[in-house]
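**Q** Got a structure for you, questions after.
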Amino acid sequence: MGKGRKARKKDRSFAQKRRAKENKWDEKAPRQSYEEIVRENAEFENYYKLQQICPDEEWENFMATIKETLPTAFRITGSKSEARALLGIVKGKFFKDCLLNPSQPDENSQKIDKEIEQKKPICLPWYPDGLAWQLQLTRKDIRRSEAYFRLHNFLISETDCGNISRQEAVSMIPPLLLDVKPHHKILDMCAAPGSKTAQLIELLHAEDGRFPTGFVIANDIDNNRCYMLVHQAKRFNSPCVVITNHDAAVMPNFTVTGTDGTLTMLKFDRVLCDVPCSGDGTLRKNPDIWLKWNTANGNNLHGIQSRILRRGVEMLSVGGRLVYSTCSLNPLENEAVIHRLLVDTRGAVQLVDVSSQLPGLKYRQGLVHWLPTSRDMRGYTSYNDVPEKWQTQVRPQMFPPSPEDAHKFNLERCIRILPHQQDTGGFFVAVIEKLRPLPWEAAAKALPAESEEQEQGGNEKDAANSTSEDKVPWGPQRKRRRTHGYKEDPFVFFTEDEPLWPSIRDFYDIDSLLSPTCLLTRCNEGKKKNIYFTSLAVRDIVINNHLTIKLINTGVKSFVRCDNKSMDCAFRLAQEGLHSILPYIGPKRKIFVTKADLIKLLINDDPKFPPEADTLDPSTQEQLKDISQGSCVLVYQGEDNPSSGGDITRLTLAMVGWRGAKSVRAYVPISDCVHYLRLCGADVSKYEKNKFIKNPSVAEEKSGEKIAVDNETEVKDEDRNEEEEVGMLGEPT
Ligand SMILES: C[S@@+](CC[C@H](N)C(=O)[O-])C[C@H]1O[C@@H](n2cnc3c(N)ncnc32)[C@H](O)[C@@H]1O
């Protein structure tokens with residue numbers, strides 16, 4: 001990887017050039033810190049008053065809230081049992097401490113009471129299972145209060161290993177409304193940096209114990225930002241994710257193998273169009289937008305947003321669902337884009353009424369009327385009134401339906417979230433369902449499919465009767481096919497007779513249900529170092545599309561070369577891929593450990609002195625008799641929770657271990673190690689950063705109890721790299 005990025009450096013897209021231009025503009029603007037920025041912009045206020053996005057009686061509240069700093073929001077992820085256990089820890093230990101230790105203990109008690117009330121973590125009522133929270137956590141709080149400092153560090157450490165996702169509250173809404181099921185084929189068209197992709201991956205894996213047959217293709221036009229997606233996807237270790245790098249407006253079609261074995265065009269069950277936007281809904285987080293906001297921004301984005309949405313519904317299957325979202329308040333980027341699609345598709349798609357799907361969410365219905373406005377703040381009710389000099393900026397397709405026609409489009413089904421409604425950012429979401437093939441798709445189908453070129457070109461007769469945008473052919477506009485692939489490292493799948501496979505299969509006692517053809521490496525020649533695993537569906541996509549689609553990454557690292565003489569296999573297990581491979585690993589390499597053993601193994605961080613086998617529980621020692629030296633799996637199965645009401649709450653933890661000649665050790669990244677210790681109820685204070693320890697008396701005084709912190713461990717842990725498992729825990733001996 002990486003070579004390709006260099007090679008394509010000069011190939012700058014329109015969006016990249018535009019961004020470069022914007023940055024130039026930025027360079028001219030005086031640099032100001034966020035605190036210094038005056039949170040005012042008369043044009044912004046005039047424009048949104050004109051558009052009537054907020055009732056008059058709420059306007060002041062709206063303007064006051066949008067100038068305030070945004071609260072922190074996060075959600076707990078992972079399997080149901082793990083998420084529930086972690087939720088218990090957050091609500092118990094961390095939230096309680098914060099409420100007992102307000103950030104300014106020297107203030108008078110009335111002020112403290114008010115502060116406690118304001119700082120109370122709020123459970124987001126519309127997010128399932130009480131797993132998403134919002135709280136006012138300022139830098140000042142983190143600096144001054146030990147309880148907030150520890151909460152903050154806890155959130156960071158659990159985010160690192162993918163058990164918590166910090167994400168703006170409103171940004172959690174689009175994936176929820178997509179109604180994802182484990183078998184869905186999902187396309188995230190503008191995915192970077194990937195907070196919604198992460199949520200989609202979680203939703204795909206939501207059913208404990210069932211391996212999803214669906215997948216997520218996460219795409220972004222920006223090559224550098226695609227690597228943010230790689231990082232994001234790695235936190236979730238899913239073998240059902242593919243990352244691609246294309247302009248979503250001209251996203252190429254994917255080919256897949258159909259149930260009858262023939263190649264067909266892939267249509268997606270779910271599409272997320274979280275399009276690039278002016279971002280004025282994020283003013284609370286990005287106050288620099290106050291300095292640059294103007295009406296032209298929204299107008300200029302309407303075109304690309306429409307093209308991406310249009311391509312999104314083309315790639316959607318009939319019966320499938322698409323969510324269009326922006327973090328903009330501007331109707332030109334929102335309802336106008338949706339209206340344009342509804343006009344163009346002539347009843348083939350419709351807005352879905354999702355009013356009952358997010359109980360407790362406060363929002364306003366979509367606008368049915370808006371005023372396209374030129375840079376000089378003149379609003380127009382008809383394109384005929386637009387002066388020639390503004391006609392490139394205010395386009396005919398931007399106008400709202402006439403009052404008589406408005407009812408046909410159900411634009412009120414769109415969801416607008418204003419910041420003051422529940423102390424969030426501003427957001428827009430529309431849910432679209434595809435009822436039948438689009439007019440130009442249907443027309444193309446009616447033609448004998450002589451060539452793909454012809455099919456993608458659409459039907460001239462239909463085009464003659466259509467709106468201007470219909471004339472844009474169906475499918476991606478870039479017809480030139482790449483025949484030599486892209487310059488990422490290759491994706492080389494094992495064949496059934498891969499020479500490496502028998503030794504891995506036999507050593508790990510792997511079930512024949514796991515096909516070696518789902519394993520791949522990223523090199524054609526030389527010694528294979530890492531072996532990745534993908535689902536069957538993802539394998540099919542990679543194999544059928546690697547020449548035409550710019551694939552950036554896929555697969556989860558499952559085996560790593562480890563030429564250790566004491567092990568009868570050249571590869572050890574990798575923690576990242578363990579959960580994918582685990583169902584296939586036989587009893588020969590599994591050790592079921594007690595909680596006390598697990599804590600002992602995890603807490604040991606001295607590679608030279610791993611826990612001796614004879615210090616472990618007799619039941620563990622008994623199993624060890626039959627397990628040869630080398631990489632293995634440690635499994636801990638918690639007690640059933642009788643208060644669960646029949647729900648799955650039995651906590652099961654599995655991690656990579658190492659069976660030495662006389663010892664056993666856990667072989668997991670430090671962040672996972674701390675996470676598992678927390679779930680076992682062990683003391684993890686030695687891993688937690690705690691600057692308050694510099695003056696232990698302060699810590700003692702504040703909490704009323706001694707807090708055990710090992711400063712040396714702390715610094716060492718900070719330097720540890722999650723990826724470098726070997727460096728972290730020592731090469732097994
Ligand atoms: C609003 S952000 C997406 C945020 C993302 N969905 C998330 O939740 O983290 C918009 C993204 O669209 C990408 N983008 C802009 N133009 C695009 C295009 N024509 N095709 C695909 N991606 C595009 C940008 O690089 C940016 O990463």
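Residue numbering: from 1, along the chain as shown.
A Cβ is built for glycine as well, from the same backbone N, Cα and C atoms used for every other residue.
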**Q** For the S-adenosyl-L-methionine site that TrEMBL assigns to Cys190, Ala191, Ala192, Pro193, Gly194, Ser195, Lys196, Asp220, Asp274, which of Asp160, Asp247, Asp288 is also named?
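**A** The candidate from Asp160, Asp247, Asp288 that TrEMBL ties to S-adenosyl-L-methionine along with Cys190, Ala191, Ala192, Pro193, Gly194, Ser195, Lys196, Asp220, Asp274 is Asp247.
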**Q** Determine the mean pLDDT over the domain 'SAM-dependent MTase RsmB/NOP-type' (62-435), rounding to the nearest whole number.
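**A** Mean pLDDT, the domain 'SAM-dependent MTase RsmB/NOP-type' (62-435): 92.
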**Q** Do you know offhand how many angstrom separate Asp247 (S-adenosyl-L-methionine binding site) and Cys327 (active site, nucleophile) by C-alpha?
**A** 20
**Q** Give the sequence-ordered list of residues that share a chain with Cys190 (S-adenosyl-L-methionine binding site), lie 6 or more positions from it, and have CB atoms under 8 Å from its CB.
**A** Asn219, Asp220, Ile221, Ala248, Cys273, Asp274, Val275, Pro276, Ile308
**Q** In whole Å, how far does the CA atom of Cys327 (active site, nucleophile) lie from that of Lys196 (S-adenosyl-L-methionine binding site)?
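**A** Rounded to the nearest whole number, the Cα-Cα distance is 13 Å.
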